[in-house]
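> Just passing along the structure, written as structure tokens.
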């Protein structure tokens, strides 16, 4: 389709500028040619706008939702179709794995309770083979969380032994001037960035899991002081969500309670002010009545005196 130009008053000496806008298209790759705007700026301050909309074509999307046509997911698996990528994936039910949920897991590795001392067992399936990983509670370590590595305190030079949250290992939080797995290396008093380069944020011990955890926490950004690693048991995303919702609920209740208390104080203050106003009005009325009574008595006495004087 083509649009007509909108003209303005005829003037002399105009300058012309053309501005091309990027084509707009939707998620299904509909295409539209450029929209051109011809802007005329006149020397006397008048402007006119000429718009031309070029030919547009909107082809129908040629996408087939395989989840509705022929569900490839077996054993009660849920089929999810991704429109942008024109593909799908299967969310398998418990006990099954594979691209189409057609591989049965022979057993639940966590059913026997291999993780000890309040640890959380996480089942893993790779190529149809089931395994597990233990996420230890505070103070415990080892593949099955049946060890307490910090009881013997392997950290030297007054280093602090800590169990890493979610991993079955320990690391040493070393004092300034010491480093290494067990704080057994003297690194001097120079800052880490001066001794080891500007990319070094922390010199301490820890296995590969702890190093990876620190990288994820820092997010690749340089900070002056790395966040402390808390001694805490592993918590699943579901538990964290419930705790967050509980905190938000408590915060809302606390805020509502404070607002109610403030509203109550406001009402009490209004009642106090109203009572003071009523008392002041009552006092003024009593004073006025006394003054009127005294005035009437004075007038009555004066009239009586005049009457007596006239009769005499």
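Using N, Cα and C of the backbone, Cβ positions are placed for all residues, glycine too.
Got these off TrEMBL a minute ago, pasting:
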- 1-28: region 'Disordered' (REGION)
- 13-24: compositional bias 'Basic residues' (COMPBIAS)
- 63-102: domain 'EGF-like' (DOMAIN)
- 73-90: disulfide bond (DISULFID)
- 92-101: disulfide bond (DISULFID)
- 106-144: domain 'EGF-like' (DOMAIN)
- 146-184: domain 'EGF-like' (DOMAIN)
- 155-172: disulfide bond (DISULFID)
- 174-183: disulfide bond (DISULFID)
- 220-269: region 'Disordered' (REGION)
- 240-269: compositional bias 'Basic and acidic residues' (COMPBIAS)
> Listed disulfide-bonded residues are 92, 101, 155, 174, 183; which of them have CA atoms within 10 A of the CA of residue 73 (disulfide bond)?
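Those close enough are 92, 101.
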> Which of the disulfide-bonded residues listed here (92, 101, 183) have a Cα atom within 10 Å of the Cα of residue 155 (disulfide bond)?
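Near residue 155 (disulfide bond), where near means Cα within 10 Å, the disulfide-bonded residues are 183.
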> If you measure residue 172 (disulfide bond) to residue 183 (disulfide bond) at Cα, how many Å is it?
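Each residue's Cα considered, residue 172 (disulfide bond) and residue 183 (disulfide bond) end up 7 Å apart.
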> Using Cα coordinates, what distance in whole Å links residue 101 (disulfide bond) and residue 90 (disulfide bond)?
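That separation, Cα to Cα, works out to 7 Å.
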> Using Cα coordinates, what distance in whole Å links residue 92 (disulfide bond) and residue 174 (disulfide bond)?
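The Cα atom of residue 92 (disulfide bond) is 45 Å away from the Cα atom of residue 174 (disulfide bond).
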> DSSP on the domain 'EGF-like' (146-184): how many residues come out helix, how many strand, how many coil?
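Going through the domain 'EGF-like' (146-184) residue by residue, I get 0 helix, 11 strand, 28 coil.
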> Per DSSP, how many helix, strand and coil residues does the domain 'EGF-like' (106-144) have?
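Once the DSSP states are binned, the domain 'EGF-like' (106-144) shows 0 helix, 15 strand, 24 coil.
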> 10 Å Cβ neighbour count around residue 172 (disulfide bond)?
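Around the Cβ of residue 172 (disulfide bond), 25 other Cβ atoms lie within 10 Å.
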> Might you list, by sequence position, any residue in that chain lying six or more from residue 90 (disulfide bond) with a Cβ less than 8 Å away from its Cβ?
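Residue 90 (disulfide bond) has long-range Cβ partners 72, 73, 77, 78, 79, 80, 98, 99, 100, 101.
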> According to DSSP, which kind of secondary structure is residue 101 (disulfide bond) found in, if we only use helix, strand and coil?
coil
